[in-house]
Amino acid sequence: MSQNHTILQSLPVGQKVGIAFSGGLDTSAALLWMKLKGALPYAYTANLGQPDEDDYNAIPKKAMEYGAENARLIDCRAQLAHEGIAAIQCGAFHVSTGGIAYFNTTPLGRAVTGTMLVSAMKEDDVNIWGDGSTYKGNDIERFYRYGLLTNPALKIYKPWLDQQFIDELGGRHEMSEFLIANGFNYKMSVEKAYSTDSNMLGATHEAKDLEFLNSGIKIVKPIMGVAFWDENVEVSPEEVSVRFEEGVPVALNGKEYADPVELFLEANRIGGRHGLGMSDQIENRIIEAKSRGIYEAPGMALFHIAYERLVTGIHNEDTIEQYRINGLRLGRLLYQGRWFDSQALMLRETAQRWVAKAVTGEVTLELRRGNDYSILNTESPNLTYQPERLSMEKVEDAAFTPLDRIGQLTMRNLDITDTRVKLGIYSQSGLLSLGEGSVLPQLGNKQ
């Protein structure tokens with residue numbers, strides 16, 4: 001199937017066109033414009049537990065007012081929680097600065113939205129899909145991939161790639177005037193200094209003033225937590241416990257949650273009271289151009305900290321290393337819209353089976369301001385951390401003796417000798433300078 005047959009560059013008049021409808025200015029104007037130009041628009045809205053959305057049920061009603069043939073609200077929260085837990089289990093986070101990660105909350109949301117909305121469209125025999133993503137961003141490719149994975153007969157029509165739409169409604173002012181001219185009392189909201197996209201797992205703030213690196217996190221008004229950098233905002237230390245069973249978070253502060261959606265919402269409330277999980281990242285988009293974002297993810301951060309504490313106390317060094325390497329690779333695949341590709345499923349299955357299954361236990365933390373926290377206690381029946389093995393005190397039945405360590409160190413002579421030989425080779429070839437004043441002066445001793 002060639003791109004020319006898949007991507008429609010002009011409006012398919014007389015045909016059903018599904019649109020991912022948010023109720024905002026862009027999708028409202030696009031839906032009405034498509035209707036007036038002769039298409040049959042069908043509106044689909046994903047309920048992702050967006051923290052900045054007050055009334056989900058009002059969105060489909062608004063779509064019908066703008067001329068949709070039908071409008072549906074698709075509850076995606078349970079699937080989003082499932083994918084969020086999978087990302088935690090795999091450590092699927094490749095973007096970080098100074099050890100603080102971006103939890104790929106937007107890519108996770110796109111994986112769920114792209115598959116579930118297109119599945120709903122198939123039920124209505126709608127095989128043309130449009131959304132609000134622009135040609136410069138990541139989402140246009142993510143939705144393209146997930147849409148075609150779900151429905152191989154899908155065709156893509158995006159008003160923002162249609163030159164006629166751009167010529168007639170090229171900006172927010174033109175779209176607002178278009179709605180008013182057609183009898184809709186649309187009052188354009190005051191534009192923020194940045195744009196925000198959110199779901200139950202996290203929020204993304206980017207563009208506009210945030211494109212400039214001298215505009216920092218302080219211009220952002222958090223929607224999932226507090227502005228912890230503001231000294232006038234009171235943030236009190238708080239102890240919280242997180243319990244996992246076979247890699248799945250199941251309880252907060254001793255209270256079990258059968259519904260993972262409710263679990264995430266409570267984790268967001270707890271972490272949000274402190275601004276936990278906020279970060280400022282420069283990242284590489286799919287097309288290899290750099291962008292900048294301010295991110296919130298209080299619940300994901302809380303689960304990630306507790307999960308990794310248990311991972312390090314349960315698994316050996318080689319397993320932890322592989323978990324981290326695979327997590328970086330999987331995070332990038334997730335970011336690229338390949339969360340359901342075979343190479344991603346292989347990495348996911350490895351972590352979920354061999355890492356997560358052993359992660360049972362409870363971690364207690366003290367949360368303070370932002371990403372400032374302390375781990376107070378770690379408990380697990382599977383801990384391989386046994387302090388008596390390395391105790392500096394005299395213990396009965398020691399795991400090993402001084403003579404055992406002498407033998408172990410003696411065996412190291414083999415690779416130390418090999419390393420000295422190689423360093424000599426590097427010196428002779430000019431790669432290393434050995435002897436007096438060099439980094440390794442002792443190697444210049446011919447004796």
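Note: Cβ is positioned from N, Cα and C throughout, glycine not excepted.
Note that this is a predicted model, so its numbers are computed, not measured.
Positions annotated as ATP binding site by Swiss-Prot: ALA20, PHE21, SER22, GLY23, GLY24, LEU25, ASP26, THR27, SER28, ALA46, GLY132, THR134, ASP139, ASP197. Among the features that Swiss-Prot reports, L-citrulline binding site is placed at TYR102, ASN138, ARG142, SER195, THR204, GLU206, GLU283. Here Swiss-Prot flags THR134, ASN138, ASP139 as L-aspartate binding site, drawing on similarity to another entry.
Positions of the features from Swiss-Prot, shown on the structure.
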{"residue": "ALA20", "record": "ATP binding site", "DSSP class": "strand"}
{"residue": "ASP26", "record": "ATP binding site", "DSSP class": "helix"}
{"residue": "GLY132", "record": "ATP binding site", "DSSP class": "coil"}
{"residue": "SER195", "record": "L-citrulline binding site", "DSSP class": "strand"}
{"residue": "GLU206", "record": "L-citrulline binding site", "DSSP class": "strand"}
{"residue": "GLU283", "record": "L-citrulline binding site", "DSSP class": "strand"}
Across all protein chains shown, the binding-site residues GLY24, GLY132 give the max Cβ-within-10 Å count at GLY132
Measure from the Cα of ALA20 (ATP binding site) to the Cα of every one of the binding-site residues ARG142, SER195, GLU283, then give the nearest. ARG142
Hey, what's the Cβ neighbour count for ARG142 (L-citrulline binding site) at 10 Å? 26
Excluding near sequence neighbours, so keeping only residues 6 or more apart in the same chain, what lies with its CB under 8 A of THR204 (L-citrulline binding site)? THR105, THR106, THR196, ASP197, SER198, GLY293, ILE294, TYR295
Other than its own, how many Cβ atoms are within 10 Å of the Cβ belonging to ASP26 (ATP binding site)? 18
Among SER22, ASP26, SER195, GLU206, GLU283, these being the binding-site residues, pick the one whose CA is nearest to that of THR134 (L-aspartate binding site). ASP26
Across SER22, SER28, THR134, listed as binding-site residues, the smallest other-CB tally within 10 A is for THR134
Starting from the Cβ centroid of THR134, ASN138, ASP139, the recorded L-aspartate site, name every other residue in that chain with its Cβ within 8 Å, sequence order please. SER133, TYR135, LYS136, GLY137, ILE140, GLU141, ARG142
What's the CA to CA span in angstrom from GLY132 (ATP binding site) over to SER195 (L-citrulline binding site)? 13
Measuring Cα to Cα, how many Å separate TYR102 (L-citrulline binding site) from SER22 (ATP binding site)? 24
Using a 10 Å radius around its CB, how many other CB atoms surround ASP139 (ATP binding site)? 21
Compare the Cα of ASP26 (ATP binding site) against each of the binding-site residues ASN138, ARG142, SER195, GLU206, GLU283 and report the nearest. SER195
Taking ALA20, PHE21, SER22, GLY23, GLY24, LEU25, ASP26, THR27, SER28, ALA46, GLY132, THR134, ASP139, ASP197 as the record's ATP-binding set, what's the max Cα pairwise distance in Å, rounded to a whole number? 19
